[in-house]
Amino acid sequence: MAVITNNDFLYNVFGGFTHFTWQSAVMILIGCILIYLGAAKDYEPLLLVPIGFGCILANLPLTELIHVPRDGYVFNHSIQEALGEAGLMPFVEGARVVNEGILDVLYNAGIANELFPCLLFIGIGAMTDFGPLLQNPRVMLLGGAGQFGIFLTLMLALAIGYEKLEAICIAIIGACDGPTSIFITSMFNPALLGPISVAAYSYMSLVPLIQPPVMKLCTTKKEREFIMSYEMLTPVTQRTKILFPIVVTIVTLLIAPSGGALMGTLMFGNFLRECGAVGRLVQAAENEIANITTLFLGLTVGATMTGEVFLTAKTLGIFALGFIAICGDTAFGVFGAKLMNLFSKQKINPLIGASGISAFPMSARVAQKVGNEANPQNYLLMHAMGVNTSGQIGSVLTASVMIAIIGALQTMGVDLTI
Amino acid sequence: MANVNAPMAGKLISVDVKVGDTVKKNDPVATLEAMKMQIKVFAPADGKVAEIKAEAGANIDPSVVIMTLE
Amino acid sequence: MEAIGNMTFGWLLTVVGLVMTMTSLGVLIIVVNILKKFQN
C-alpha cells in the first residue's frame with residue numbers, strides 16, 4: 001500500500017495530467033481552431049486539418065512523438081548504444097537520449113531535407129496549364145512584380161529586429177506559396193516552421209478576402225473598367241508547351257543553380273503533363289503523390305508547433321508581417337501593370353497585376369470578379385490565369401535567387417547568424 | 001442587332017434567356033464555365049433575343065456566337 | 001567569419017534578388033517569343 005500513496009508514483013502514473021501546462025492547453029485550443037477553420041469553414045482543409053491535428057498530438061505531454069527540430073536530444077539508435085558501451089558516445093552535454101517518435105521519422109524523412117515540398121511541386125507542375133501565359137508571355141513580368149512584397153517584408157522584418165535568416169523565412173510568406181515557404185524555412189530556420197506555414201496557408205486561403213480591398217485602393221474605377229480583348233492572346237502549339245518547361249529549367253537554373261530542387265521539380269511535373277506520353281505518371285503526381293505528401297507534410301509541420309516555440313511575440317510578428325507581405329504583393333503587382341502600360345502600346349487592365357502571386361487559381365478568380373464588378377463586359381479570367389501561373393514561376397524563381405545569394409554569401413565566409 | 005459572343009474559351013453551362021425575351025445591357029444572359037469557375041455572360045446591348053445559336057454543354061470560344069439580339 | 005549589418009544584408013538581397021529575378025523573367029519572355037516564332 002505504501003507504493004499507492006507514494007506521491008511520485010501518482011505523479012508519474014498520471015503524467016499526462018501532471019505535465020499538462022497552460023501552454024499545452026493554449027496550443028491544443030489553437031490546433032482545434034485550425035481544424036475548425038479547415039473542416040467547417042473550408043479554409044485550405046487539406047492542410048489545416050492535418051496541421052491542426054499534428055499540433056494537438058505534439059502538445060499533449062509525454063507522447064514522445066516528435067523531438068526535432070529542437071536541440072538537446074540524441075536519438076537512441078543501436079549504433080549509439082554500441083558506441084556508448086565502448087565509452088565513445090558522442091554526447092552533447094546535457095542532451096537527453098530518446099527513442100525516435102513516429103513524427104521524428106517523418107520529419108527527418110521529408111522536412112529536414114526539404115523532400116516533401118519538392119514532391120508537392122511535381123504535383124503542382126502536373127496540375128498547371130501554362131497555356132494562357134504562353135499566349136501572352138510578356139505578362140510574365142507581372143509574376144515578378146508580384147514578388148516585390150517579399151522584399152518589402154524582408155526589409156521591414158530586418159528593421160524591427162528579426163535575425164537575418166528569420167527575416168528571410170518570414171518574407172517568403174509573401175510568395176503566397178505553401179511549399180516554397182516550408183522549403184525555405186526548413187532550410188534556414190526550422191524552428192519557425194509552425195508559425196510560418198500556418199501563416200502562409202491561412203493567408204493563402206484568405207486571398208479572396210485580402211486582395212479585393214487592396215486592388216480597389218490601388219486603382220481608379222476607370223482603370224478597373226478597362227476591357228482587355230482576347231485578341232492579344234496568340235495561339236500556342238503543343239510543341240511550344242512541351243518545350244517551355246525544359247527552357248525554363250535550363251534558363252532559371254543557369255541563373256540560380258541552388259533553386260534546382262524547387263524549379264526542377266515544378267517544371268518536371270509540368271513536362272510530364274505536357275509531353276502526353278506518361279498519363280499514369282501525371283495521375284500519380286497530381287493525385288497519389290500529392291495527397292500522401294500533403295498528409296505527411298501537414299501532420300509533421302503541425303507537430304512542430306509546440307508551445308515554447310509558438311507562443312511567443314515572434315509568432316504575432318510573423319502573422320503581422322505575413323499580412324503586409326501579401327498586401328504588398330498585390331499592390332506592387334497592380335502598380336507593375338500600370339508601369340507596363342506606360343511603356344507598351346497594348347494596354348492591360350492593372351487588376352490582372354494582382355494575380356502575380358502563387359495562390360492559384362484563387363488570385364485569378366479575384367481579378368475576374370473585381371473586374372467584372374466594375375464593368376460586366378470585362379472578362380479578365382484568362383489574362384489573369386496567365387499572370388497567376390507566371391506568379392508561380394516568379395515565386396519559385398525569387399526563392400531560388402534568394403537561396404543562391406545566401407549561398408554565395410556563406411561561401412564567401414559571411415556569418416549570417418549574427 | 002448585336003451578337004453575343006463567348007467572352008473566353010470554356011464550356012457553356014446554360015443559356016439563361018429565351019427567344020423573344022427583352023434584355024437590357026449588362027443583364028446576365030448565359031453561364032459559362034472556364035477554369036472551374038462559373039462566369040456570367042452579360043448582354044452587350046439592349047435588345048430582344050432573336051436567336052439562340054449555341055447549346056448548353058457545348059465547348060465554345062470567342063469566335064462562337066451564343067445568341068443574337070435585335 | 002566576416003559579419004554584415006542587418007540592413008546592408010537586406011538591401012543587398014533586395015537589389016540583387018530583384019535584378020536577378022526580373023532578368024531571368026525577361027530572358028524567359030524572349031525565349032518564349034523565339035519559340036513561338038518557330039512554331040509553324
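Backbone N, Cα and C atoms are what each Cβ position is placed from, and that goes for glycine too.
Annotation source TrEMBL lists transmembrane segment at A:20-39, A:46-68, A:139-159, A:191-210, A:242-268, A:289-310, A:316-337.
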The transmembrane segment (A:46-68) and the transmembrane segment (A:316-337) contact flag, 3+ Cβ pairs under 8 angstroms: no
Could you tell me whether the transmembrane segment (A:20-39) and the transmembrane segment (A:289-310) have 3+ CB pairs under 8 A, leaving out pairs under 6 positions apart? yes
Winner by Cβ pairs under 8 Å against the transmembrane segment (A:139-159), considering only A:20-39, A:191-210, A:242-268, A:316-337: A:316-337
Six or more residues beyond either end and a Cβ under 8 Å away: which residues meet both conditions relative to the transmembrane segment (A:191-210)? 34, 37, 43-44, 47-48, 51, 55, 69-70, 111, 166, 169-170, 172-173, 176-178, 181-182, 185, 301-302, 304-306, 309-310, 314-315, 318-319, 322-323, 326-327, 330, 357, 359, 362-363, 365-366
